[in-house]
Amino acid sequence: MLVLFVATWSDLGLCKKRPKPGGWNTGGSRYPGQGSPGGNRYPPQGGGGWGQPHGGGWGQPHGGGWGQPHGGGWGQGGGTHNQWHKPSKPKTSMKHMAGAAAAGAVVGGLGGYMLGSAMSRPLIHFGNDYEDRYYRENMYRYPNQVYYRPVDQYSNQNNFVHDCVNITIKQHTVTTTTKGENFTETDVKMMERVVEQMCITQYQKESQAYYQRGSSIVLFSSPPVILLISFLIFLIVG
């Protein structure tokens, strides 16, 4: 009985001390979003939350919360922290696409030809001062990359170089002519010499890579190496 009496008396005391309207969300201390005067407001501005332009609390759709589409917040327009924005996705430029093609990728529409890496145009002497000077002044108009097929499709270097020179000059001439620039007989003569040297360099590079790949295949396919690899796998698994 004594416990029941104490509990009843405590409830009556709390009812008498219950605050009148004007506490939470009225005139007293408030959460963000209440604009009534009086008391301390958190934050001090009337209306919105931290850096919010249209009222509303944390995460509200029109007051802006963390990452909300309307109003402030991290990375949203109008907030106090709008300088912290998400980085935009990098756009793939034509330079990146051209760089990928320059690594020996197969060129579409050329029947399996590949485009070699860019090279420095060789310094060539043509036997007279006029042609040497003409080449130095016009070498930028000539190709610095060659088209070629894999070396295993040719029986020797001469066949590779002959095909490489023909397709490279043809493609470069067609592409340049469409831009309104024509080549003279002197240009074609110099282009043939330049592209020939570049095709020889490309053949040597591709041949070396081809034989290295072949040597690796032969090495790993030999019986002693296969037995050694099998033994190591057995030790690891076992």
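If you go along the chain as it appears here, the first residue is 1 and each next one adds 1.
Every residue gets a Cβ built from N, Cα and C, even glycine.
What Swiss-Prot lists as signal peptide is 1-15.
Per Swiss-Prot, region 'Interaction with GRB2, ERI3 and SYN1' is recorded for 16-215, and the stated evidence type is similarity to another entry.
Taken from Swiss-Prot, the feature region 'Disordered' applies to 18-93.
What Swiss-Prot lists as region '4 X 8 AA tandem repeats of P-H-G-G-G-W-G-Q' is 44-83.
Summarising the annotation, Swiss-Prot assigns repeat '1' to 44-52.
Annotated repeat '3' per Swiss-Prot: 61-68, in sequence order.
Taken from Swiss-Prot, the feature Cu(2+) 4 binding site applies to His70, Gly71, Gly72, supported by similarity to another entry.
According to Swiss-Prot, the feature compositional bias 'Basic residues' maps to 83-93.
Per Swiss-Prot, disulfide bond is recorded for Cys164-Cys199, and the stated evidence type is similarity to another entry. Secondary structure at Cys164 (disulfide bond), taken from DSSP and collapsed to helix, strand or coil, is helix. All protein chains included, Cys164 (disulfide bond) registers 24 other Cβ atoms within 10 Å of its own Cβ.
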Response to the item:
Mapped onto three states, the DSSP assignment of Cys199 (disulfide bond) reads helix
Item to complete: Would you count the other C-beta atoms found within 10 angstroms of the C-beta of Cys199 (disulfide bond) for me?
Response: 24
